[in-house]
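These notes concern the structure reproduced below.
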Amino acid sequence: MAAHAEELVLNNTSILNVNMSNVTKLTSTNYLMWSRQVHALFDGYELAGFLDGSTTMPPATIGTDAAPRVNPDYTRWKRQDKLIYSAVLGAISMSVQPAVSRATTAAQIWETLRKIYANPSYGHVTQLRTQLKQWTKGTKTIDDYMQGLVTRFDQLALLGKPMDHDEQVERVLENLPEEYKPVIDQIAAKDTPPTLTEIHERLLNHESKILAVSSATVIPITANAVSHRNTTTTNNNNNGNRNNRYDNRNNNNNSKPWQQSSTNFHPNNNQSKPYLGKCQICGVQGHSAKRCSQLQHFLSSVNSQQPPSPFTPWQPRANLALGSPYSSNNWLLDSGATHHITSDFNNLSLHQPYTGGDDVMVADGSTIPISHTGSTSLSTKSRPLNLHNILYVPNIHKNLISVYRLCNANGVSVEFFPASFQVKDLNTGVPLLQGKTKDELYEWPIASSQPVSLFASPSSKATHSSWHARLGHPAPSILNSVISNYSLSVLNPSHKFLSCSDCLINKSNKVPFSQSTINSTRPLEYIYSDVWSSPILSHDNYRYYVIFVDHFTRYTWLYPLKQKSQVKETFITFKNLLENRFQTRIGTFYSDNGGEFVALWEYFSQHGISHLTSPPHTPEHNGLSERKHRHIVETGLTLLSHASIPKTYWPYAFAVAVYLINRLPTPLLQLESPFQKLFGTSPNYDKLRVFGCACYPWLRPYNQHKLDDKSRQCVFLGYSLTQSAYLCLHLQTSRLYISRHVRFDENCFPFSNYLATLSPVQEQRRESSCVWSPHTTLPTRTPVLPAPSCSDPHHAATPPSSPSAPFRNSQVSSSNLDSSFSSSFPSSPEPTAPRQNGPQPTTQPTQTQTQTHSSQNTSQNNPTNESPSQLAQSLSTPAQSSSSSPSPTTSASSSSTSPTPPSILIHPPPPLAQIVNNNNQAPLNTHSMGTRAKAGIIKPNPKYSLAVSLAAESEPRTAIQALKDERWRNAMGSEINAQIGNHTWDLVPPPPSHVTIVGCRWIFTKKYNSDGSLNRYKARLVAKGYNQRPGLDYAETFSPVIKSTSIRIVLGVAVDRSWPIRQLDVNNAFLQGTLTDDVYMSQPPGFIDKDRPNYVCKLRKALYGLKQAPRAWYVELRNYLLTIGFVNSVSDTSLFVLQRGKSIVYMLVYVDDILITGNDPTLLHNTLDNLSQRFSVKDHEELHYFLGIEAKRVPTGLHLSQRRYILDLLARTNMITAKPVTTPMAPSPKLSLYSGTKLTDPTEYRGIVGSLQYLAFTRPDISYAVNRLSQFMHMPTEEHLQALKRILRYLAGTPNHGIFLKKGNTLSLHAYSDADWAGDKDDYVSTNGYIVYLGHHPISWSSKKQKGVVRSSTEAEYRSVANTSSEMQWICSLLTELGIRLTRPPVIYCDNVGATYLCANPVFHSRMKHIAIDYHFIRNQVQSGALRVVHVSTHDQLADTLTKPLSRTAFQNFASKIGVTRVPPS
């Protein structure tokens, strides 16, 4: 180990500066040896304490507080630690260094690396044990085999899971092949197993014997192979270093890169099997060369020519025929070669002189010297394949590729066929390359590896595969047509494009239908349209896109949509822009009968557009749109697959696909492109690049100082059609740069490695890296259409008129007619909001500041600069064109000075155009008539309330999405201001590495009023409490949640006694709680302090998401309420009672929502004042909407329903227009666990069931159905899903139903209890149900399976009554705490006579003695007079609907009796 230390002197104290420049660098695979080397080195210098933390940091200052002075021990410690920090960091490879970027001391680096690579997790240990089981000798040498095993033994020991010696020996022996059986038998015969060193030595000796035998039987027959010459000479290379057998082999400087042992000889055990091959000497089939009669003659002739000189067993050998020279530019595949060999020095991209004394031996026994060694790469259509340790032999006649080294170094497999071969990815099986044979040899199809060009130079040559990828994977005929007609530079014109695996995977199709007979004579005469729905929601919440295809030119426009209802607005915009541009009108519009197109009928008739539709269920009649869908989707998916980009980026890929499709020739236009047909000029292909490849935009203007990097690796996502630039996504900072100064690496695809290596911490940083400015203008309505303007001075003029160019008198531009979504159709900038007080998010250049690069030489460098290339901006809105387009004078002055920096679009992942669907804004009436709409008088029509889809614009999922909308920005600003005002945290430097730093994220919610109208936008900053560790980051947890029964009881009492009910909301309730633990949190996404970006938040107050936050808030609230006289209920800890004389106040707490009621308005008002003074409380006054429950008070009582929740659920499940049914569950057939076909994806089923469970608050009529379907959540079937949809259909007909708390109620407590004996045919467990009434008010109900199988219906009913009595006993305790006294004992009605008698006396004890004793407590209550059990007829048993599905008549009868009804009229 070449490491030394220099001694520095500071204040007469030595400080060691350790130089570790030659120490083996840490990678992801050698931590074990690296840590031993580094720790031993520092231990030798007595500095190991700085690594393991035993040498602690002294205090920074000493002396008194009044006169502190710097501690010299601290200065020495800090300087020594920094030197060690630098030395250790220098011994870490670049790929690992980001993992320790947050460490500030050497001990933190050491601990971080230990946690990553030596953490004894179950997965890590299991992985190592699995590798040991799979580690077989195979073709490995004994040295390699033993080294792999011992390394894993040591790693397990490092993780604290060592294997004992016997187990290690067993692992070594069991994975050896059959030829080592003698050694295995010898070791097994010993009483005590030998050491691993002894086993290794015996295996080496046996390996030498096997090599000697195999070398004696191998005949030097001419073959195209490079192998290791094997003789009877014993391999002595291992003797010299046998004591260091388990050292790191990377440090063995004496070994050469190609010094490896030969493939093991496997004897043929089946001697009776005839030899079917052809003799290599005489050419006769049926015997091998070893048994040929001409063998002796052949050997003598070979020996007479030139006797071979002695050589070592590891000497490289080339068994090739020295015939006519073969072109040195061609590579030949050789399955027997162990090393790559080349005679062309240009084939080595990285090389070094060879200083060894070994030569390559050829078939005639002569040797050829080795001049250099190096490496290169061979390109394929998906990724380059690397060739390492190539031997450069000038005098050899062929370039040989070792199949073994090719497969092992690149993770591929090679399949040989009689006339061709294929190279496939080993993991996915996807073909990477296909080649053919030539002169009976397997020749690599590419002559040599091509250097990767990082420049966007039109003169750079590319292969057919590269052009195929650049042009979006077109058909081979189209590809050849483009290359031929436009004279594109191709690296090897004679080599024709064969196939593309990405195309084969994504472009499978059916037989086409017949062609349409419609003929068009001009653009826009026929427009075909259709909507496509994506199964995957994009990052910007796009679910659909709509296309418009011009029949005459086949030109396509694409707009992404969030809702299908946006089609009408989109088409109107599309029609106005195109008709104004081309000075012609749309004649006929062809589509299917979708509702989004039906909504356009009136508009079509008003504007004279003929609307043709396809017959029902016949999409083939809209074949042009359907085929265009297939073309777009296949091309887009192929682009994503080729670049390994997640499918959530489909709008970008589809936009680029349409951009390329419009520029590719099509046979329908006689190999003319739609672009050329529409604009009369040829497209420009020079600036096309491979979608998703690595790119390097010029980013100098964004550097903070002159030493920053001028560029960063980004991902190419498309073409900006409003600027002369490309779209470049930087993955680490999640910024989308728009730049014209870009260099490309078209063989590298960053996404393929980025997502796999993204850690949770990096994901948090990625979300937090968003920068935002309140002055940044964002588009408010942006379809995916390009829109440059002809008048824009940044773009070239319109193309010269051409005889074949239609509309040549119209200055037509093209860019906006493409479907690159980047910033198409940007609307006018939103007015800048005034800056609020308080902290603001980190800023970004505004739109004016972030104009794209200089417009100099746009005709040369614009990727979309095809003469008519400015239609995109000319088709943009007038406000945008006038505001954002600079004047010619300004443009000239700006471009003549210095280029402006590239624009930044803020979004991780890249943003699509923001669509703001404001359903609350009606069109402005310009006529003079006075209307209700002008006066703001709007009365909704109730008969249409159920036909309106309430799935409005969805809430954003990330801070990046929310920052695009001013309303969400304001909500986020309010939340941050509240946190700052409450002094929730302090910004501090990061704590030590062993302290958990909790992440945080934003939660966005729309708050609605009881009528469904929008109340406000709410943004909540929550901590990622799931990262907290119990006992370290928190101790106890509790959430103040009032029981639903308590709510119904208190509301029933308040309604009956005409008390006011007030609703409160505590602002930032969890912030009121004080933390007793030290909790550190990362800075909020979008609001990172630009001066201290690496600091973290040390929480002083609780925050939503923390494990201890609910309990901290509850303790704070409870302590205060107790000080002002409230008493905390024992029955329900979230209920508080204040009583002063005859005045009483009840308070119900559900986290931060509070209900308060009482009989004394003065006391109630004083209580509200006290709460407002202590907490930030929002008083909603009278109860109207609480926890998603709509409360409507009428003179006769209070109606509770969940109408809004039901409608949202129906809209989310697309069931709002479903045909209603009268019962939630059919009585037959009965559902079973195994009925129907199992769902492949149960996610939807489970989500709907979970949503329905919340409806039980006001809907006892669906309790049984929901409970029954909940029992199948672990394995739902299609039949269960249909039953679930039946509940939704029932709710669609009864969304306004709920429970009615009637005024003038008698406060008597009674309940109905029932059981369905053995009703479940899967396990024969009974179902019990009950419903409890306080007077006429239903206050509690349940439908639940019993715990076990019962022997009779009486036992089932008896258990049900016992459970009901438990609930009633709790209710009685709660009523007592509320000050309510019952005038008579509670009553339970049961329809089973035996169970009724059993509750009163033990007459059936002999038949019921197996019942658990705890069920018999009901007898004590009955005998003491605290409870009565009364028999009731089955016809009057109201709990019957809670235990089984009923017929329509019976269900409707019971539903009305149990209290589920519509809201009574006022």
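Even glycines carry a Cβ here, placed using N, Cα and C.
Record features, source Swiss-Prot:
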type     : residues       : note
REGION   : 227-270        : region 'Disordered'
COMPBIAS : 229-254        : compositional bias 'Low complexity'
ZN_FING  : 278-294        : zinc finger
ACT_SITE : Asp334         : active site, for protease activity
BINDING  : Asp530, Asp592 : Mg(2+) binding site
REGION   : 772-927        : region 'Disordered'
COMPBIAS : 796-827        : compositional bias 'Low complexity'
COMPBIAS : 836-898        : compositional bias 'Low complexity'
COMPBIAS : 899-912        : compositional bias 'Pro residues'
DOMAIN   : 982-1225       : domain 'Reverse transcriptase Ty1/copia-type'
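Here the CA atom of Asp530 (Mg(2+) binding site) lies 54 Å from the CA atom of Asp334 (active site, for protease activity).
Within its own chain, Asp530 (Mg(2+) binding site) has Val546, Ile547, Ser591, Asp592, Asn622, Ser625, Glu626, Lys628, His629 as residues 6 or more apart in sequence whose C-beta sits under 8 angstroms from its own. Considering other CB atoms within 10 Å as the measure, the emptiest surroundings among the recorded positions Asp334, Asp592 are those of Asp592.
The secondary structure of Asp592 (Mg(2+) binding site), as reduced to three states from DSSP, is coil rather than helix or strand.
A strand conformation is recorded for Asp530 (Mg(2+) binding site) in the three-state DSSP classification.
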